[in-house]
C-alpha cells in the first residue's frame, strides 16, 4: 500500500523507531502535509473520509503484518 510513498529502508526505520509500546509520535512520523494526505488515503480503509480509532490502531500493520497495534494512549 505504501509503494511509491516510502522506500523499504524508510519503512524498516520507521517501524524500528516506534517498536516499543507508547513510543509512536505522529509529529516525527510524517514529514510533510503532502505525506499526511497520502497516508490518510491509505489508512482510511473504508474510504469514509475519517480515520476510525480501530483503523488508526492497526496503522503500523499496514507497513508490516508483524508490527504492533498502537495503544489507546497513542490513538487519542
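Backbone N, Cα and C atoms are what each Cβ position is placed from, and that goes for glycine too.
The Ca(2+) binding site annotation in Swiss-Prot covers 44, 46, 48, 50, 52, 55. DSSP assigns residue 50 (Ca(2+) binding site) to coil in the three-state reduction, placing it in neither a helix nor a strand. The Cβ of residue 50 (Ca(2+) binding site) has 10 neighbouring Cβ atoms from other residues within 10 Å, across all protein chains displayed.
The feature domain 'EF-hand' is assigned by Swiss-Prot to 31-66, with sequence analysis given as support.
What Swiss-Prot records for 1 is N-acetylalanine, and it gives experimental evidence as the kind of evidence.
Cβ neighbour count for residue 44 (Ca(2+) binding site): 15 (other Cβ atoms within 10 Å of its Cβ, all protein chains included).
If you count neighbouring Cβ atoms within 10 Å for each of the binding-site residues 46, 52, 55, the highest count belongs to 55.
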